[in-house]
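Per TrEMBL, signal peptide is recorded for 1-23. The domain 'GOLD' annotation in TrEMBL covers 39-129. The transmembrane segment annotation in TrEMBL covers 189-209.
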Amino acid sequence: MAFPQSILRSLCSLLFFLACAEALKFDIEAKSAGDRSRERCIRNFVAKDTLVVVTATVDGFKGDGMKVDMHIKDAVGNEYGKPKDVVGEQRMAFTSHADASFDVCFENHFTGSRGVSNPFRHIELDIDIGADAKDWSAVQATEKLKPVETELRRIEEMVQEIVAEMDYLRSREQKLRDTNESTNNRVKWFAFSTMGMLVALGAWQVIYLRAYFRSKHLI
C-alpha cells in the first residue's frame, strides 16, 4: 500500500500547488485619463461552462485622489463584469461561456487635479477555477460529509478537471496534426503541379524553337 499512498501524496501536493499558484500581489500606478498604458491585465485560460471566482483586494480609500476600476472579459468578446472604484475586497463569480482565455484587468487613474504623494494602489488577486471555486464548507454542511470525504470529493473533481483538460489538449493536438497533414498534402501537390507546368513549358519552348529555326532554314 506504500506505492499508492506515495502517488496520492504527490497528487495532493501537485493539486495544492496548482490551487495556490493563482494568488498574485502587485502595485499599480495611477495614470492620467489619456494614458493608454494604465491598464494591467492578468490572463488565464478556462474551459466552457466552468465556474470562476475572482477575488480582488484593493487597499486605499475612496476620495484619496485615485480610482481603481476592474474589467473581466474573455478573448471572444464575452463580458463578465466591470466594477468601478473598487476599494477593499471585491468578489465576482461567473460561469465561462467558451473555451477561451479571460483577462482580469485593472485601471488606476487620478480623480482630481491635485497631486498624490504616493500614486500607487496595492492589489491582491486570487482566481479560483472549477473545483477550487466551490464553497466546500457549504457542500459539507448540505450533504453532511466528513472532512475527509469533503477533501476526497474536492480532489476527485480536480482530477476530473485535469482529465478533461488533457482530453481537450489531445483533441486540439489532433486538429493541429490534421491541419498540418492537409497543408503538407496541398504543398506537395502544388509542387508537383508547378514541376509539371515547368516541364510542359520547357517542352513547348523546344518544339517552338525547333519549328522556328527550320522555317528560317537555320537547321
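Glycine is treated like the rest: Cβ placed from N, Cα and C.
Counting residue by residue with DSSP, the domain 'GOLD' (39-129) contains 0 helix, 57 strand, 34 coil. In the predicted model, the domain 'GOLD' (39-129) has a mean pLDDT of 88.
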